[in-house]
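Student: Next up is a structure, given as structure tokens.
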Amino acid sequence: MASKVSRRSFLKVSGSVVAGAAVAGCVAPAAPTAMDSAEPSSERVALRFLNKWGSGVRRELMNGFLDTWAEENPNIGIIFEPVADFDRRMPILVAAGEWGDIMLFFDLQLSAFHEIATDLTPYFEASGTPFPGQEGSELIRIPNHVGYEPGKVKAVPFQLNIVMTGINKDLFREAGVPMPWEHDHNGDKWWDWHDYREAACAINDLGEDIIGSNFSVGNIEQDGLVNWSVANGGQLIDVENKKGSWNTPEFIEGQQFAVDMICQDGCMMNVDDYQGLGQALGIYPWAAGVQGIASRGSGYWVSRSEADLTQVAWVRSPNTGQSAGLGSMHFHIVTTQSQHPAEAFEFITYLANFENQKNIALSGTAEPVNAGVWQDTDYQATWGSPEAVEAYLDALDNFIFTPQLPGVLEWFGEIKILWGDVLRCEASVEEQVVIVDQKTDEILAAHA
Amino acid sequence: MQISRTVAPNISWARLRPHIVGWAFISPWLVSFSFLMVYPFIASFVLSFTRYQLIGEAEFIGFENIQRMLFEDERVADALRVTFTYVLLTVPAGTAISILVAVLLNQSVRGIPFFRTSFYMPSVIGGVGLALLWTTILAKNGPINAALGLVGIEGPNWLFETAWALPSLALKAIATAGAAMLIILAALQGVPQHLYEAVDLDGGGEWAKFWHVTLPQISPAIFYNVIVTTIGVMQSFVEAFIMTNGGPGTATLFYGLYLYRQAFEFYRMGYASALAWMMFLIILALTIINFRVARFWVYYEGEE
């Protein structure tokens, strides 16, 4: 039977609830206390895990990792919280103090937020694991100043993205051009950028709805573009002197080659045109390079499964013979809020182990951060040819990280605008590099 | 038995009770207003004098952000130029079209509820959904270019060509001005019929009725729309964020988008706060100007 509540009682209760809610909202969460021990506890714990792999193939992979973990580690529960729109939402979660135990960041984010990352050095030492990239470690090198300071590690790598070239083999065959590994440059069968241009223009001529080449419009739009210069010996930023470094013969030559493909040959689409068309056709050009339009599928990895697409290493600069360009990395950190850092460390190193990273690599969703996977014959078998394997390994050994300097995020934002004029064929490379360098100096000085 | 709860000689419980009840009822709003409006308002003002990067302590830097914003950051000028151009493209045209559509929808013709619903419908759809829809409509291979192709015109890549990107966003804003149309339609239906009869008696035609009766009578509604639309357009964000990301170059770099980038892409919360305050002051100034100018063209019943 429903009991009658007097108005006074109702007001008392509602007043108390409102006051209680207000007070609860103001009270800061209890300060976390990191455990003194670097050894995992034997008691059952639950860890909040914030990561972006929440849909599609990546979600399936993550579910598999979590299932295996749960079977093998019944005492360490993982509460997986996929973060959609990761690049934008992670900073908001950081600002809101919603850190959980484990967070995923890309390198430039971590550079900005490293203060919330627990120093993992004691956990590496306690487990007898060498630091990433050091002798005996199965993990590849990680950039300085991010998760890695001299004598200190604050992050464990999870996912690598180095600029690659996705090629549509169907269109290569249709255009009658050699595959990237079918050339001959004094015994080196890997293609160089002249071969790239030839292939792109031949594919372009196949029809109006086929675009020979585009470049990356991923997180950092110019990844694909600056790669021409980086592989040619140019520097993205003079990190040592914290100054602009685009006004050099190496950098200009690489840019001029790419811009000529856009503005003179019409065999490569500038970023704006490609965006308009790409959205119309549902293309998501994660990987850069010659990627004939596959009208099926909406993402690179989806296209890969539906068309005869292959991801190969970047083209070589004919001047340096290098096919390595830029690389960016995603890391897991254990937040300073975590009360179970040892267990969290155990989990994030598990995600970077050989088996899991091999599954990631074979799925085509990212490059592995486990060096052993690069040597794995199953993985190498997906690369097309021995020459492609060689170029891939060369790219891995020699890729450079995006400079981890304060202000680089703002710098990228500004470069996109400044270099856009060149890509739209409205400014010359030689004039614009001077402006870019001036702007670089200004931004880096402001953040110094 | 009645218990007297005298708190002080002249303040009885009976006198206090209505006040307490009143405060208790508005307390949910009051709490949320205080914490979600007043607190951020004050906090952003304080932050605008600091360097604050989301974590750690905010560092007081005096007027450095303001100096940078006013004299050093050329993108602020770009963003203001784009935003003011957008206001000029959308507010007058949007107002004129919403008046025109409202006048048409005020006619007694068969099926008028259908037309009213059709024109208002876009206003009901959420901002992001509408932006995505228009991205498809304005795509290089979208329906607009397909229609132009039928008459032999090769349409541009609307959203990704410098010359067309901002007008394309303006077109989208104007075409979805259903809310303004609805307000003007309501005002039109409140225009007294005897005023039209007076024009008839004076021998005036339809144009005279519109110019001398309709427009003055609905001018408060038009004024309201101009104020609200100007404020809304000055704060535009979603269109550029979803459809163009501010590009090509700075062609659609709205002030709101630039502010967002500073805050959540470059993590400069202090500077973003300073930008937000400048936007607030600009909108305040525009609103004051609008009110001053309104004396010359807005007619209120009972005025001389």
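Here the Cβ of each residue, glycine as well, is placed from N, Cα and C on the backbone.
Remember, TrEMBL labels are computer predictions, not curated facts.
It should be emphasised that the depicted structure is a prediction, and the values quoted were computed from it without experimental measurement.
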Student: If TrEMBL is the reference, give me the range from B:51-71, B:240-260 marked as transmembrane segment.
Tutor: B:240-260
Student: Short question: which residues 6 or more past the ends of the transmembrane segment (B:117-137) have a Cβ under 8 Å from it?
Tutor: 101, 105, 143-144, 159, 172, 175-179, 181-182, 238-239, 241-243
Student: Applying the under-8 angstroms CB criterion, which one of B:84-105, B:240-260, B:266-289 scores highest with the transmembrane segment (B:169-190)?
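Tutor: The listed stretch sharing the most Cβ pairs with the transmembrane segment (B:169-190) is B:84-105.
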Student: Let me spell it out: take the transmembrane segment (B:240-260), skip the flanking residues so only those 6+ beyond its ends count, and list any with a Cβ under 8 Å from a Cβ in it.
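Tutor: Here the qualifying positions are 75-76, 78-80, 82-83, 86, 128, 131-132, 134-135, 138, 159-162, 165-166, 169, 172, 234, 272, 275-276, 279.
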